[in-house]
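Engineer: I am attaching a structure below and will ask some questions about it afterwards.
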Amino acid sequence: MGGGPTTSVGQARPGVAPRQPVARPGVPPHIRRRRARFALALVLLLAITIGAIGWWLGSGRWVDVPELVNQDQDTAIGMLQEAGLDPALADEQFSETVPAGVVISADPADGEAIRGSDVQLVVSKGPERFEVDPALTSLPLADVQAQLGTLPIATATREQFSDDVDAGLVLGFEPQAGTDLKRGDTVTIVVSAGHSPVDVPNVVGQSPDAAQGTLEQLGFTVERDTGRSAAVGTGQVMGVDPGPGDGEQPYGSTVTITVSEGLPQVAVPDVTGKKKDDAVKALEDAGLKVQVQQFFGNNVLRQTPSAGETVDVGSTVTILVTFG
């Protein structure tokens, strides 16, 4: 190796100054603080987001349905909206216990935790009631039965006499029309049986016209017949059928009055040739009086009026008695 001069590593060469580290410009303090705050905010936001997602996926998205039953509809809707739920009217139902406009039930039910947002409400329409239209009064029974057949009620019928409403027309209802009825209740239809029955008055002894007028005022139809009477004079009513003792008769039924044409009549028996006593008995049995003209003997030779002639009861027959 030569003996020339050597230079040690790290040792400055003669005449050359040592290299110094170059210093970078410094970051201002306020920028460093801003960056620190931003980083902290970002970390917090990320933590909150992760927490919210976890809460939502866990218990956070479950909501308890408020106590809606027995609340009025508007109150229930407000409670659901306040809880972040969407109310919907699912149905309206009749109820005997829950007033109209009040919630009967909810789906999901009160207190149930739900993930969704829709809650279906069933609201009461109040008690179910029906009524009979008063305008059905005075209509024919068949028409009324057809109308009431559209209602969920039962019907029965009862007849009642009426002096003002024709038979077959409806007089009224029990309970009366307009009354609130429940499903299945029974309504009795009261139907006119027509005019009430009428007693026949005693018109015997009256003139035919007077008797007929009296009977027609009571609603009877009057027919006339003739007869004979020993007790009632000619031209007077001697009988009525049906009569006063026959009880009440249907309104509008027929009553026959019999007008006397005088005394009863009888055909004169033939007593010619009979013994006097036998002849007298036969004539008296027929309701006739006997006048005897006797000339010796005991047999009837002749009679006046003649045999077979019609005479009033009580008329006198003259017989001529002589030898036979």
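Including glycine, each Cβ sits where the backbone N, Cα and C put it.
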Engineer: In TrEMBL, which of 1-28, 225-252 is labelled region 'Disordered'?
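Structural biologist: Feature region 'Disordered' in TrEMBL: residues 1-28.
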Engineer: How does the domain 'PASTA' (126-193) divide up by DSSP, counting helix, then strand, then coil residues?
Structural biologist: 11 helix, 23 strand, 34 coil
